[in-house]
Amino acid sequence: MAKDKTPQCSFCGKKKDEVAQLIAADDANICNECVALCTDLIEEGDLNTVDSEDGEVNTWLTKKLPTPKEIREHLDGYVIGQETAKKALSVAVYNHYKRLKVAAKLAEDKKQAKLGADDAMVELSKSNILLIGPTGSGKTLLAQTLARMLDVPFAMADATTLTEAGYVGEDVENIVQKLLQAADYDVEKAEQGIIYVDEIDKISKKGENMSITRDVSGEGVQQALLKLIEGTVAAIPPHGGRKHPNQELIQVDTSNILIIVGGAFSGLDKVIQQRTEKTGIGFNAEVKSKDDGKQLSELFKQVEPEDLIKFGLIPELIGRLPVIATLEELDEEALMQILTEPKNAIVKQYQYLFEMEDAELSFTEAGLKAIAHKAMERKTGARGLRSIVENALLDTMYELPSMSDAKQVVVDEDVINEGAAPKIA
């Protein structure tokens, strides 16, 4: 069969008739889409570059790391408030990837015989992170934003769906498999990624007097997570699926994967108060912070490892989570900021959708306040904002594409509180 000689892009493989433009050179071609992609990567300061000598991709490990201040500034663009948590995360993430750079340099020096076996080196420990904060306070968003900034693979898991190996449900190796998939099965890239495990508080031991029956999703899962955090070699089936006898498995070392775990830890405030206040005796003592988000946040800031052990986390797991960052409960003002200020703010997203229909979407100040107030009432934090806006605009988004004269859509407090239709002009 004759070889197809139709010119095609050397980068994406698209043929000349599949793109708007194809720029040809002697030995290579590039299409307009790849040019646009490269331009975007340069403008965004993408940290992946290609080595000109051997064509291998060099990650940010060979480049200058963003400083904690630069990491914090990037987080500020997407996450409102949570200043203490952002600072703690920025330092922890910076130190973690600095540790990987040191390890990579050490390995290279040994490879080139620059270091002998007896040369003393300070071994840097991994700083895994525990995030404590109410639902919808930004724990997941912080982890996702960090991974996106560093351009590393990211995988997320819900601790409540995990079981011990051998039981029905997801085991810890499934999380590593998700990370490997996010890295397009590039093992080296996956081993530099970030894993976020949410709802870690839901797998706490139910008390000091544990039942002798098998704890499928409690302490056993904590022990399995401990192996992942400490560093283990996970055997992953190629391209997903189940393990089979005589199957060649992909070996992934988790020693250098940054593990972030988070949870709301409802009831932890009582444990802390019992320790810090002499007037609070036992779990039935009145907790003043119950309806006071600010006071609850202040209590969380006083958390100690012993409180987490009493809550139900095993000591070995807590010992592997040296960085503890607490997030505050978001108030109405913060929720209003979240609606409009971040780079990917919910209001901006819907305004863009309406622009595509040649209509301008706007929210009154009272309308924004009503959205934030409703989210506060639902106790869903920032997580509940989108559903409120979606419900308010559902009928309008259904009708708008069929309307030729709609140029302006206004959402006020009546739309949110009374279910009235947005004003269309």
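Glycine is no exception: its Cβ is also placed from the backbone N, Cα and C atoms.
Here is what Swiss-Prot says about this protein:
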BINDING   Cys9, Cys12, Cys31, Cys34  Zn(2+) binding site
BINDING   Pro134, Thr135, Gly136, Ser137, Gly138, Lys139, Thr140, Leu141  ATP binding site
DOMAIN    1-50  domain 'ClpX-type ZB'
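Locations of recorded Swiss-Prot features on the structure.
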residue: Cys9; record: Zn(2+) binding site; DSSP (3 states): coil
residue: Cys31; record: Zn(2+) binding site; DSSP (3 states): strand
residue: Pro134; record: ATP binding site; DSSP (3 states): coil
residue: Thr140; record: ATP binding site; DSSP (3 states): helix
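Taking the mean position of the Cβ atoms of Cys9, Cys12, Cys31, Cys34 as the Zn(2+) site, the remaining residues of that chain whose Cβ falls within 8 Å of it are Gln8, Ser10, Phe11, Gly13, Lys14, Val19, Leu22, Asn29, Ile30, Asn32, Glu33, Val35. Neighbouring residues of the recorded ATP site, listed in sequence order and excluding Pro134, Thr135, Gly136, Ser137, Gly138, Lys139, Thr140, Leu141, comprise Gly133, Gly262, Leu327, Gly381, Ala382, Arg383 (Cβ within 8 Å of the Cβ centroid). A simple way to gauge crowding: the CB of Lys139 (ATP binding site) has 26 other CB atoms within 10 angstroms, across all the protein chains here. Listed in sequence order, the residues of the same chain lying 6 or more apart from Gly138 (ATP binding site) and placing their CB within less than 8 Å of its CB are Val79, Ile80, Gly81, Gln82, Ala85, Leu327, Leu330, Ala382. Mean model confidence for the domain 'ClpX-type ZB' (1-50) is a pLDDT of 70. Every protein chain shown contributes to the tally, and the Cβ of Cys9 (Zn(2+) binding site) ends up with 22 other Cβ atoms within 10 Å.
With Cys9 (Zn(2+) binding site) as the anchor, the candidate binding-site residues are Pro134, Thr135, Ser137, Lys139, Leu141, and the one with the nearest CA is Leu141. Neighbour count (other Cβ atoms within 10 Å of the Cβ, all protein chains): 13 for Cys12 (Zn(2+) binding site).
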